[in-house]
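K.L.:
Here it is, the structure, as structure tokens.
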Amino acid sequence: MRFAVLQLTGCAGCEVSLLNAGEELDLAKLAYMPLVVTAHDVPGVDVLLVTGGIRTDEDLLKLRESASRVKKIIAVGTCAISGGVAGLGDRHDIRELFLANTHQGRVPRMLPKCRPIDTEVKVDNYLPGCPPVPSLFVQLLNEPESLKSTSIVCKECGRRKPKDVRPTTLAHEIHKDADPELCLVKQGQLCVGTSTRNGCGAICPRAGFPCVGCRGPSNNLIEKDANAWFSSLIKVFAHMTDIDSQEISEALKSPHLALFLFQFSDYSDTELESRPKEKVL
Amino acid sequence: MTTTIQFPISRIEGHAKVVVDIDEGKVRNARFLAQEYRGFEQFLQGMPADQMPVIVPRVCGVCSTSHHIAAVEALEHAYGITPPPVAEEIRHLMMVGQLVQNQATSLFFFTLPDKLQATSIFGADEKIGHDMLGSISKMAMAVRKIGTELISVAGGQFIHPVKAVVGGVVSGIDPTAAKAMRAKIKEALPLACSLFDEYWQLTRKMERSVGKWEDNDPFYYMVAVDKNDPTRPVDHVTMQKSDGSETITFRPRQYKEFLQFHRVQDSYSSKTSFNDLPIRANSLARMNLAESTGTPIADGYLERFRVEFGSPAHQILLFDLCRGIELINGLERADRILAKNLYDGEMNVPVVPRDGCGFGLVEAPRGPLIHHYQIENGLIVRAEFVIPTVHNNFSIERALTSMAKRYVHEDRIDMGLDRAMGWVVRAFDPCIACATH
Ligand code: SF4
Ligand code: SF4
Ligand code: SF4
């Protein structure tokens, strides 16, 4: 199976992660990926992985051209799925500031919004993560049938959640891992592993840092809108802690969480329906 | 009449092209133009300052560790906090892991294919026989992976690390994990050396066929590391004139007094100069200014380098060889850090956030990186990123222009121009996602 990687506007982290899976992949079949392969255009391949969002007119052109030559398209990473970190600029005040800063020379023209790739081309599968960890790429390319996320990050984390430990306030700035066996939520931290799809091996909470949800919502939330997702998270915190739900609700709106939590639900100004969960890996 | 030829550049981080302007058969200039932009300096405005260490690594997936740590340090500077020494060691290990990862990627994945006339390292496998691990790409991947594993051990995950937090690090490094990592380094070191020896020979061969890539006009080298341990960051930036006649240092908060920023038509990246001259940061700057690498095998390579090429050495091609010396130095240094106790004691100090302004300085693989934040009511009102690739831009263009002149004649343009432009750019290992952010 020949494959290619089209890099739109992103940070190259997704490509670097793929490279780390290199020992288990047959990269001689990698026909195009500007980061490591010199080739002019996306050739006809079986699978095209697209990383990054549509930020410029050039991104748009390259995506449309390549799509016509490939059999299957997979959106890889938050940027391709929702616009990602560049999408944080899609606030009205910032957009004006941003566009005023993009100059008039002969450079790729900025579109008003950094868009997900499925607003332009038909996407066969989504592989969420910022970036998806290398083992997910191995599964995706070597045994795609085996790649089904059915659970949540907590299952891979394995920290204890004793019923009688109930923090009453959020430990905001302080990311201390006082007890490496104890669930971070039980330590008053805003870990969203309880609703995030599994597959990453819980690398962040295992290292002592709360999950920010980069893999996106788990299957039972993925087709629902942002509000359902939001209230479900608040319910989880009410169940596990005695922290005021107003405080949780404010904290969940933080940009670094919102960026990932709602990567599947921001269709407010498009005609698109939510992504069917069968397509999300 | 002016003719303009464009070359998109692959095997670098990000989207960029080289444009060569030719007047009546003579090269007028060659420009290096960044073609992407996300607008971090704008969209960070209004965001909670304490989230910077999670958001800003997304500037770049290749050198995210530098941004992660520069962000934490800028906030600590603003809050007036000094992290415990063990946390500093763990952060240092993260940076050394990144150096290993980056130099291995640049050497083997970006520039080695040029030296073998291949389009990628995977294509190079056919051109070069190897019996150790079967193929050169597999060997290169194994060495590179040590870098990413080091970042994971120290930083939790390797693309966008999470373990550095304001006040310290979230957790230490378990002695069992440290021991396992040291065993892997021990195994990888000879592999890295033999790859680098091969690379050295190929560089010599390339030099014989394409000649030296000299640039003897004056410029400044720029570094922010310890002279006796070039993996260790210091609190100031050093600028040294290429002929050694002048050395100036400044603190990160003074960067605007010392560096001149130039906006560029047709590019999303600006360029910096110092005393109206180009700047060179990155491996060659660090190796030229170092007294020693502080570790034995890398010191052996540095000595050999100085015997063969002189000291200081200015050829463009030598950036790559210096990356190799740093790769070895990074592996040896990581082993020494892992031998320390990185587990016992306090990993972080209490934090009381406050408003104000903070600067963070680290030496990224491409040179000194500065983050500057201004904080009001706990929110970012201004964020500035002073990026090493931006410092190199004038030097890249000067090298491109002199190289292009070899290929452009009154009556014709030689075929190799396309390839040669790629060689020159890759020697500087620019990072476009960072440069434009
Ligand atoms: S999804 Fe994350 S890792 Fe991938 S390109 Fe976007 S910011 Fe980088
Ligand atoms: S720390 Fe996070 S991921 Fe781990 S069990 Fe608790 S909520 Fe789940
Ligand atoms: S733990 Fe959460 S934030 Fe970290 S990689 Fe996994 S899904 Fe992403």
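Counting begins at 1 with the first residue displayed.
Even glycines carry a Cβ here, placed using N, Cα and C.
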K.L.:
In TrEMBL, the Ni(2+) site includes B:C60, B:C63. Which of B:C357, B:C431 does it also list there?
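P.N.:
That Ni(2+) site, as TrEMBL gives it, pairs B:C60, B:C63 with B:C431.
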K.L.:
Within 10 Å of the Cβ of B:E41 (Mg(2+) binding site), how many other Cβ atoms are there?
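P.N.:
For B:E41 (Mg(2+) binding site), the 10 Å Cβ neighbour count is 16.
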K.L.:
Using DSSP, would you call B:H437 (Mg(2+) binding site) helix, strand or coil?
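P.N.:
DSSP call for B:H437 (Mg(2+) binding site): coil, neither helix nor strand.
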K.L.:
So among B:E41, B:C434, B:H437, all listed as binding-site residues, which is physically nearest to B:C63 (Ni(2+) binding site)? Use the C-alpha atoms.
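P.N.:
So, of the listed binding-site residues, the one sitting closest to B:C63 (Ni(2+) binding site) is B:C434.
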K.L.:
Can you tell me the CA-to-CA distance separating B:C434 (Fe cation binding site) and B:E41 (Mg(2+) binding site), as a whole number of Å?
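P.N.:
B:C434 (Fe cation binding site) to B:E41 (Mg(2+) binding site), Cα-Cα distance: 12 Å.
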K.L.:
So which of the binding-site residues B:C60, B:C63, B:C434, B:H437 end up next to chain A, with Cβ to Cβ under 8 Å?
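P.N.:
Filtering B:C60, B:C63, B:C434, B:H437 for a Cβ under 8 Å from chain A leaves B:C60.
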K.L.:
Report, as a single number, how many Cβ atoms besides its own are within 10 Å of the Cβ of B:C60 (Ni(2+) binding site).
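P.N.:
Around the Cβ of B:C60 (Ni(2+) binding site), 29 other Cβ atoms lie within 10 Å.
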K.L.:
What is the total of other Cβ atoms whose distance to the Cβ of B:H437 (Mg(2+) binding site) is within 10 Å?
P.N.:
26
